[in-house]
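Inspection log for the structure reproduced underneath, given as C-alpha cells.
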Amino acid sequence: MNQPVMQGVPALNVPAYVKHARLVAWVSEIAALTKPERVVWCDGSQEEYDRLCAEMVAAGTLKQLNPAKRKNSYLALSDPSDVARVEDRTFICSQKQEDAGPTNNWTAPAEMRQTLNGLFDGCMRGRTLYVVPFSMGPLGSPIAHIGVELSDSPYVAVNMRIMTRMGRAVYDVLGADGEFVPCVHTVGKPLAAGEQDVPWPCNPTKYIVHFPETREIWSFGSGYGGNALLGKKCFALRIASTMGRDQGWLAEHMLILGVTSPEGKTYHVAAAFPSACGKTNFAMLIPPAGFDGWKVTTIGDDIAWIKPRQDANGQTRLYAINPEAGFFGVAPGTGEKTNFNAMATLKENVIFTNVALTDDGDVWWEGMTDTPPAHLTDWQGQDWTPAIAKETGRKAAHPNSRFTAPAAQCPSIDPEWDNPAGVAIDAFIFGGRRSTTVPLVTEARDWTEGVYMAATMGSETTAAAVGQQGVVRRDPFAMLPFCGYNMADYFAHWLKLGDQLAKSGAELPKIFCVNWFRKDEQGRFVWPGFGENMRVLKWMIDRIEGQARGDEHVFGVSPRYEELRWDGLDFSAEQFAKVISLDAQAWQQELTLHAELFAQLAHHLPQALPEAKARLEARLQG
C-alpha cells in the first residue's frame, strides 16, 4: 500500500496485512493532527505485550511483581489526580441536544470539534502513536463490533490486549471496507525535545467525548481506566447503546451468568446492578451448602450485548455476548471469602493499578485479607503500616484501584463465554442497594412492569438512619452514567423491543428485581448475600419452569418462605418476612420519588411508564 508522506509526520509504516484504505487514511489524518514521533501498529502478540511492559518498567510506569508470587504481573501507580471516571467531563455530542437528554452533558458537535482540534493539535509530540485494533465480542460474531483506538499510551495498548480481542486477526475480519468505531485517545502531555517524561503522564484538562451519529470517541487528558480504555464504557455502552437503538438491539451494563441444574439443564441470566452492589461477586457466585450438583458459570461481569435472533426451533430469543475479554475489577473488598473465583483469576498475567505493594513484591488491598501486612508501600508510593492507617485514615490501596485480568483465567468461566452465537437469555435481574422498602426479590407481572422496575431502580448514597430512608440516587437500568442517548428514549427502546418480540411470538425473558441489602432495626444486614443469593436464583428458575407459585402483591410476585431451599442455612420465617415485606407508607413515598424522576425525563417519557405507575398507586390504595 502506498505510504502517505506528510510534512513533519513520521512514516506510517502500514503493515501489509492492513488492507483497509479508509482506516489508513484516518490514521494518517490523526497523525498529522497529533504529530507523534512514531506510529506503531499493534499486532496483539505476546512478544509485543512483553516488550511494551518492559519499556514501561524502564520508564517507571509499571513495576514488575515478584514472579514467584504473581507470574507475569505488573503494578501501575497513577497520578493522584487521575484515578477514576470523570462523569462531569464526559460529553454526548449528538446533533440535537434533546437526543442527549437531561441526564447527559451536551455540547454542539461543531463547537466540541473546534475545542478538540485545538487540544489534539501536536498533543502526541515526542510520543508514540499506537494503532490498537480490537473486536468487542468474539471475532466474527454476528453480535460483535470492531473498534480501532489510536492512543499515545502503552498502558492503554497492553490493557486493551487483556480487555478485548486485540491484534492482527481483527484486520482479517475488517477486510478492505468493514465498519469500525474510530477511537482517539491522548494523555495530553506532549514532550519537548529532550524533555524527561513522568511515570504517569496526564493533563488537568480532561474531555471524554462521544459523537453518536458518526460513532466516534475522543478522549483527552486521562490515562485511567474507563477514560482511556475506550472499548469499555465509551464504546461498549455509550456508543453501542445508540447503535442498538438504531439497529434494534441492547447494549447493557449487565453481568451474564449461567446456572446448570443437577439434571444438566442450563439457564442464562443477565443482571444489572449499580456500582457497589456486588456485580462481580454475583457473576462468579459459588453455590452454598445444600446445592450439591448445581453449578454457576461466568460469561461476563460488566457488559452484555444482546440481539434478537431465531433459535434452532425457529423461536425468536434474545442472545447475549460479553463484548469484553477481560475483567477490569475494583480490587478493594475482593478476597478469598467474598469472591474466591476472582482471587483465583488474579494469580498471573494481571495488571494492577493503584493497589499497595508488599515488601516481598506482591500486591495487597483493603479486604484482601482480614489482617493487613505489617508494612506496605501504598498506592502513592509512601510507607504504610496499620498504625499509620489508624492515625491518619489513609488507605493502602485507592478505593477505585483496579485489576485487569484475562477472563479465560477465571475458574468459573462458562464454556460458552467465547461462543460467537451468544447464549439465550432466560431472565433479566435488576437490583440496587436499599436498606428498606424494596423486597429481596420480586418478579414483574409483564415486560412493561419489568421496564418500570428497572427505570426506577436506585441505590442509597448514605446509610439510612433508623426509621428513615437514605438518600436514593436513581440509576435507571444501572445505565445513568453510560447511556449514549436520551434516557427516556432508552426506556422507549426497551418497551418497543419487548413489544416487537411479543408480536413475533417470541419467548420473552422474565424480569426480576432484587435487593440483597435490607437492614433490621439495629442497622444490620438481614440477608447473608454472597453465595446464599443462589437460593433466590433457584426460585427464579422454578418460576421460569412454572414450579413455584409465589405470592402476588402490589408490585409483582415474590416467593413464599417454603418455596426457597433452606438446606445449609439457618434463616427463619421471621427473618424472611423482614426482607420480603412491603410497607405501604414507604412505598407511597417511593412512588413520589419515581414521579420526580419521570418529571426530569418528561419531554420524551413513554406514556406506558406513568400508566404503570398509576396502576401501582391504584393497587397500593386498593
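Just so it is clear, glycine is given a Cβ too, placed from its N, Cα and C backbone atoms.
Within the listed segments 135-154, 215-234, 335-354, 395-414, Swiss-Prot records region 'Disordered' for the stretch 395-414.
Record check: Swiss-Prot places K233, H253 at the Mn(2+) site, and the matching candidate among D177, D302, D311 is D302. Going through R85, R89, R524, R535 against Swiss-Prot, the one listed in the substrate site together with Y224, G225, G226, S275, N400, S401, R402 turns out to be R85. Of the residues proposed, R245, R309, R433, R560, the one Swiss-Prot records at the same GTP site as A276, C277, G278, K279, T280, N281, R402, F530, G531, E532, N533 is R433.
Under the DSSP three-state reduction, R402 (substrate binding site) is assigned to strand. Proximity to D302 (Mn(2+) binding site), defined by a C-alpha to C-alpha distance within 10 angstroms, is shown by the following binding-site residues from A276, G278, T280, N400, F530, E532: T280. Of the listed binding-site residues, namely R85, K233, H253, R402, the sparsest CB environment within 10 A is found at R85. Among the recorded positions A276, C277, the residue whose Cβ has the fewest other Cβ atoms within 10 Å is A276.
It is 15 Å from the Cα atom of T280 (GTP binding site) to that of S401 (substrate binding site).
The most densely surrounded of the binding-site residues Y224, F530 is Y224 (count of other Cβ atoms within 10 A of its Cβ). Residues within less than 8 Å, Cβ to Cβ, of S401 (substrate binding site) and separated from it by at least 6 positions along the same chain comprise V330, A331, P332, F352, T353, N354, V355, W365, W379. Sequence-distant contacts of E532 (GTP binding site), defined by Cβ-Cβ distance under 8 angstroms and a gap of at least six in the same chain, are P288, L569.
Candidate binding-site residues: Y224, G225, G226, K233, H253. Nearest to G278 (GTP binding site) by Cα distance: H253.
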